[in-house]
């Protein structure tokens with residue numbers, strides 16, 4: 001084989017190895033951030049499981065992590081909203097669950113809107129080049145929206161308290177408990193982002 005061909009093959013092999021090691025390093029870095037950040041979340045195991053399986057952009061810092069957590073929560077809320085709407089429309093007006101379902105659909109709709117607003121704030125968060133005052137204002141908005149979303153999730157669940165157990169109640173509790181838990185974890189990540197912000201020039205968020 002000619003020397004030129006040998007060099008070409010060596011170059012290709014090196015490129016493949018370098019790319020693989022880089023991807024592996026990023027993956028390990030993301031796993032480290034996820035595990036360390038989820039340790040004190042409201043639901044640590046769920047936190048690790050959902051964020052580890054996140055298929056969005058690579059998580060390289062805490063801002064990425066907070067955005068990923070909110071996206072996961074938003075996805076669960078949107079899925080639950082669709083299911084709840086179907087159940088609401090299929091239940092007779094005289095059923096005791098009807099009023100609770102109507103309220104729950106409204107609550108989860110508000111939750112979806114609030115999580116979307118939270119995500120919008122995080123996407124435009126000034127982690128560098130901005131003043132501490134501006135950062136605090138942005139974080140206050142993100143925390144307010146995420147907290148409101150969690151409140152709406154809990155309010156939906158509260159609407160079924162005192163009702164007889166049944167298929168509808170069981171399904172709604174299952175869906176909304178999952179939404180509330182991932183939202184609680186997401187709120188924790190947003191709060192952690194605020195606590196670890198540091199100075200205005202800190203870009204390792």
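Note: Cβ is positioned from N, Cα and C throughout, glycine not excepted.
Computed from a predicted structure; not experimentally measured.
What Swiss-Prot says about this protein:
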DISULFID  38-47  disulfide bond
DISULFID  104-156  disulfide bond
SIGNAL    1-25  signal peptide
Check: Can you count the other CB atoms that lie within 10 A of the CB of residue 38 (disulfide bond)?
Finding: 24
Check: Do you know offhand how many angstrom separate residue 104 (disulfide bond) and residue 38 (disulfide bond) by C-alpha?
Finding: 29
Margin query: At a 10 Å cut-off from the C-beta of residue 104 (disulfide bond), count the other C-beta atoms across all protein chains.
Written below: 28
Check: Given residue 156 (disulfide bond) and residue 47 (disulfide bond), what distance in Å do their CA atoms have, once rounded to a whole number?
Finding: 22
